[in-house]
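First, the structure itself, so that you have it in front of you.
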């Protein structure tokens, strides 16, 4: 790019050429053309009409050169005012002074990694632009809430993911992994929620904020509350083979009860899943069948196929008292609304509760899609963590729009060893989850290829 010095020199040369051309081609006037001896040339070899034509051409050239000079002057003035690509302004003195132009970046040929780095920088720039601003002013300072939230599921690698993301230099620290704000402490307000995270006084160089409460996914209040508070936050969901997840939850609950000095669990895994399957069939599936039948009855009445005054014998089991079931661990579910609020397949976050319900992913995700688009939920296959931890974290970093970090050696987190499942129990669970898994694959357009199928 031309600097000011070059432009001035170029302008001087152009003006000199103009003056020279004007001097040698100026129009003829009597007595003006004489030789050194004083003798007039007269009209010996000059044609007046030819001189007039040359004069006309010269004026056209002068006008063109004048336009170029005006354009050059505009460029110089603009460079002095804006700086831009030519220079930066240093305001350390009263008058700005120009610094040297930046050193040109190396070409792709001299640096083979440059193209990749430029593409990465461009992607990060775009992602940062799309990163939701979750800071609000309060009492003269900023309250910053999560930009991303890990919403589930229990025993599917949420502790592993949160542990390593907390090591990333671009992610703010929190004082607690599972905050339970949207499912249990929503009434405490956003200031209480924000107090769990590292805060900043300005938006400059602010880190991303995140938390991981794996029970958000299975609570019926979480999605609408989260949408009302942080509808643009990025969500992360980890899914595990439902058969293995259910068994892992059972063994985790045994340790959890012991660690928290709670009475030991008196029921086997087989007893709990059999009883829960009956509860779900009665309270959830029975309620679904009733609603479908009632809707069909209304359509039949509108078509004139059924007398509106005739009796509709089907009873909604959701509103019935089921003392005849003799449920033990799930005895509170004799009133269905005690276990499944609103009649949908969401359940308590208690570690010992809902080993089947927490593994029925289709119903839970389908409910969340009423509030958040699928593009706003990054889904991780738990089994990939043990085989490809670097890839899993890199994809999360890309999703969040942060740089790739070196985490060192990966170590399992919160793993509970346990014996293998009996073949009869496994066969029951594989069959139980089969239909839900098919719906899940279709909903997400993705086959998780779980080994239990």
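Any Cβ shown, glycine's included, is placed from N, Cα and C.
What TrEMBL says about a protein is an automatic prediction, not a curated fact.
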For the region 'Disordered' entry in TrEMBL, name the matching range from 86-111, 112-137, 138-163.
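Spelled out, TrEMBL records region 'Disordered' over residues 86-111, not the other listed ranges.
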Please report the number of other Cβ atoms within 10 Å of the Cβ of residue 248 (3'-phosphoadenylyl sulfate binding site).
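For residue 248 (3'-phosphoadenylyl sulfate binding site), the 10 Å Cβ neighbour count is 21.
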Note the mean pLDDT of the domain 'Sulfotransferase' (146-404), expressed as a whole number.
90
Return the single residue from the recorded positions list (155, 240) that has the minimum number of other CB atoms within 10 Å.
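Looking at the recorded positions 155, 240, the Cβ with the fewest others within 10 Å is that of 240.
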Taking only the Cα atoms, work out how far residue 240 (3'-phosphoadenylyl sulfate binding site) lies from residue 155 (active site, for sulfotransferase activity), in Å, as a whole number.
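Rounded to the nearest whole number, the Cα-Cα distance is 8 Å.
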Would you mind reading off the Cα separation of residue 155 (active site, for sulfotransferase activity) from residue 248 (3'-phosphoadenylyl sulfate binding site), to the nearest angstrom?
7
